[in-house]
Amino acid sequence: MPELPEVQLAADSLGVQIVGARIVRVERLDWTRMVETPSPDEFITLLAGRQVHGWGRRAKWILLFLDGGWTLALHLRMSGSLTVQPADAPPDKHTHLVLRLDDGRQVFFRDPRKFGRARLLDADGRAALDAAHGDEPLSNAFTVERLAELLRGRKRAIKPLLLDQAVIAGIGNIYADEALWRARIHPLRPASDLSADEVAALHDGIRAALRQALTNGGSTLRDYRNSYGTRGTNQDHFNAYDREGQPCPRCGATIIKTVVAQRGTHYCPECQR
């Protein structure tokens with residue numbers, strides 16, 4: 001599933017292409033379960049004629065800011081992608097949402113596995129989306145002190161805590177493994193047991209792993225592309241994730257894969273304590 005870097009890059013590459021454009025109509029919606037709120041009929045009606053004024057990201061949601069105070073929130077889930085296509089481009093069978101713009105271009109939401117989701121939110125809906133998610137790890141407010149506060153008193157293992165979107169928003173399996181490797185912390189360590197130095201190292205590890213991925217265009221393991229259709233290259237720079245049986249780049253020990261909170265988890269048994 002695309003995580004914070006991939007979602008940010010998808011949002012940026014989509015937003016810069018369509019900001020200022022007006023959505024004339026929803027031209028295709030053949031998988032109505034994609035729309036979580038409002039009803040599919042209301043979604044189609046309310047989107048028509050809305051102009052795109054800006055874009056953003058919250059957690060793993062792509063946000064398009066529309067006139068009238070509405071926000072179109074799109075979640076790529078496992079296999080979703082958003083691209084801008086010429087006026088005459090035909091959607092394939094996996095393109096379940098098509099938005100026609102006033103200059104004739106089309107926005108395709110393609111999702112072979114049909115896990116992607118769309119929400120059209122008013123101000124209250126947007127506030128609820130914000131409230132459901134925790135701190136943004138690349139924000140100025142996410143300091144070492146703030147991370148220490150979030151971990152204090154929590155006896156859960158550190159990796160599932162990092163994956164909890166209500167605590168820290170946007171981190172998934174890839175960047176949890178990469179951040180913990182950078183911080184030299186075992187994924188099963190209780191969060192409340194981390195020392196002040198380890199919390200600081202984890203804070204640095206989280207931000208460094210995410211920033212590296214942004215620099216490298218995100219991680220493409222199978223489906224991810226940005227809205228220009230470009231693959232990321234960050235998968236070529238993993239230190240722990242998806243490197244089972246390979247040597248640790250830091251100490252040479254063999255990277256192990258185990259299961260933590262029902263998620264495949266990669267770590268170095270020597271470096272990470």
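Glycine is treated like the rest: Cβ placed from N, Cα and C.
According to DSSP, P2 (active site, schiff-base intermediate with DNA) sits in a coil region rather than a helix or strand. According to Swiss-Prot, the feature active site, schiff-base intermediate with DNA maps to P2, an assignment based on sequence analysis.
All protein chains considered, the CB of E3 (active site, proton donor) has 23 other CB atoms within 10 Å. Marked as active site, proton donor by Swiss-Prot: E3 (among others).
Taken from Swiss-Prot, the feature active site, proton donor covers K60 (among others). When Cβ atoms from all protein chains are considered, those within 10 Å of K60 (active site, proton donor) total 21, not counting its own.
The annotation DNA binding site is assigned in Swiss-Prot to H94, R113, R154. For R113 (DNA binding site), the same-chain residues lying six or more positions away in sequence with a CB closer than 8 A to its CB are R77, M78, S79. For the recorded site, R113 (DNA binding site), the DSSP three-state label reads coil.
Swiss-Prot lists 239-273 with the feature zinc finger. The average pLDDT for the zinc finger (239-273) in the predicted structure is 98.
Within the same chain, the residues at least 6 positions away from R263 (active site, proton donor) whose Cβ sits under 8 Å from its Cβ are K159, P160, L163, N173, listed in sequence order. Sequence annotations record features per position, and here Swiss-Prot assigns active site, proton donor to R263 (among others).
Among the residues the record lists as binding DNA, namely H94, R113, R154, the two farthest apart have Cα atoms separated by 42 Å. Counting only same-chain residues six or more apart in sequence, the Cβ atoms lying under 8 angstroms from the Cβ of P2 (active site, schiff-base intermediate with DNA) belong to A10, K60, L76, G80, G218, Y224. Counting Cβ atoms from all protein chains shown, H94 (DNA binding site) has 16 others lying within 10 Å of its own Cβ. In this structure, R263 (active site, proton donor) is part of a beta strand by DSSP. Within the same chain, residues at least six positions away from R154 (DNA binding site) with a Cβ under 8 Å of its Cβ are L161, P190, A191, S192.
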